[in-house]
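Asker: Please see the structure below; I have some questions.
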């Protein structure tokens, strides 16, 4: 199992393939992605790599983290993330991970944070149909209706779908195909949409449920 990398979402575009079909693409940028540290089975109980991306001002780094970056002999990074790996896939500390770490035609899993929607009603948050438009319904047309049962159990069960905060959740989209890799501009072009707003950070890993192919 290889390590993943951290990338930054740039935006979306579209291209036409040889058959004239329009393909939607999400562009992600891999800039200054380096190995910051190791986690070993003997010391930490599991094997992992700590990956960092995008240089950060030294004045905005805490003293403990300054020492971490000093030990790795690299400049401070804006975003850090651990990736579990198998024992034979360790990479040297301070090694750089470029866009050619992945290849066109390969399938990947993307983990990102969805865009926050604030406090949302049940119709927007859970796709409820709402109540009747007439026939005695007043004011509560977009309400979710009853949330409980009777005296027994006498409570609302945990996990009941109701209005509440929507978005800002970490989600993983599996089996997205890499359309192309642009090494000069440090871009990975991925087919389909990816969660998160522009300039947000995400992780790109080899797909675990699909065999990758190259075209």
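Positions of Cβ are set from backbone N, Cα and C atoms, glycine also.
Keep in mind it's a predicted model, so treat the numbers as computed, not measured.
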Asker: Can you check which of 116-135, 136-155, 156-175, 176-195 Swiss-Prot lists as region 'Disordered'?
Answerer: 136-155
Asker: Count the Cβ atoms, other than its own, that fall within 10 Å of the Cβ of residue 151 (N5-methylglutamine), considering every protein chain shown.
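Answerer: 6, counting other Cβ atoms within 10 Å of residue 151 (N5-methylglutamine).
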Asker: If you run through the region 'Disordered' (136-155) with DSSP, how many residues end up as helix, strand and coil?
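Answerer: Tallying H, G and I as helix, E and B as strand, the rest coil: 0 helix, 0 strand, 20 coil.
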